[in-house]
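Undergrad: Input: one structure, supplied below.
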């Protein structure tokens, strides 16, 4: 009998897992990632939904009058959302659908908010993670122009990132938010499909808005966007180098509390938990027995593909799940806080808001069901989860693309320690000098809002008094971070430019 190297590797992985399980039994949900996805979604007081089987998403058309859009084309409308104060003028707010080419029927939904300041402000795109969570979570709870009050009215966010940028929020991959397809074959499973879709969208977006094509362009996002963003940035950069289409003026990208290098970041879970007194030393030593099989599984994932990647997900998440069994009701997005019942945050107003017929009519989504976080997208991306996306970043740094990795200090799930470790271990020409660079205070209003380390094109910022969602927890510091980063002045305090538009918003 001939045994293939791949089979030998998988058998060895199973043996390692069995050995570890002798000291620490696998949690009952370790082999059921769908259960973990639902638990994470319900903690936000959102309803887990399977976007691939949602009848309201199949065959529906975009906008009033069953308007449709041809493949490779974009349908956009100016938007004034219900709930805004009366008498507010046209603010340059847009919503639209992009019909993805090279798909069977996929359509990508987005919001675009022009800057409250100058047309020349940078264009920024924001990607929410999950995978499978809508970027509208960021629009209304983090860094968008407004927040939703309990009476469903909209309140201006004086620290919205549209104050200093022309910002795009995209629902992706297909099946997230208002993005949908009538054909399950359009489901994405890896970063190649995701980044190609986003690149195609940008090409058509800038044709629709040629007045912004010369503006600096930055990619931002958080959580699983630590996977999306490096792949997307590489796709844009390669497209520019090969003159594939419209040149996109990519200047940099920023990842907040992201998952980028799982081998390093999963190993940091127990160190962070011990440092924050979430677990005891005996727990630390017991749970650490899962680290060798996790590392081995991730190595197999990088060479053997899908089956090994699924095994890596299940083995490695045993580390996180084991910690969570010990921390009780602690909020894994912000360990300073307690979850109330199953709820760690209450984002339910978002689903109520998008259930309003007037809102749906204003943004042109017709009868498409809103999926705040999709379990089907989450599960479709599982074989992508344990892949290392750090590998593409050094080439971008060498070509002068600025990179900012930032992390709120109280997040467990994508903690600052794991992010700091992969940033420091990344091999590039400035690695040694970056390691030797002294940390400096990141000051906002003359108070320390974080600790910054920066050399060349690479910066790492640990944000104080923040959890997983930095723009929600520290909105002013997050806005100031974006301002300085896009101006290439992270180490400096940048004066806020006053304009009539800024004054108008500040008064509201």
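Yeah, the Cβs are placed from backbone N, Cα and C, and that goes for glycine too.
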Undergrad: Write down the single range among 48-67, 68-87, 88-107 that appears in Swiss-Prot as region 'Disordered'.
TA: 48-67
Undergrad: Highest CB neighbour count within 10 A among the recorded positions 81, 414?
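TA: Checking each of 81, 414, the winner is 414.
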Undergrad: Rounded to the nearest angstrom, how far is the Cα of residue 81 (blocked amino end (Leu)) from the Cα of residue 414 (substrate binding site)?
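TA: For residue 414 (substrate binding site) versus residue 81 (blocked amino end (Leu)), the Cα atoms are 33 Å apart.
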Undergrad: Just the number: how many Å between the Cα atoms of residue 81 (blocked amino end (Leu)) and residue 151 (N-linked glycosylation site)?
TA: 15
Undergrad: Among all protein chains shown, how many Cβ atoms are found within 10 Å of the Cβ of residue 151 (N-linked glycosylation site), not counting that one?
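TA: So the number of other Cβ atoms within 10 Å of residue 151 (N-linked glycosylation site) is 7.
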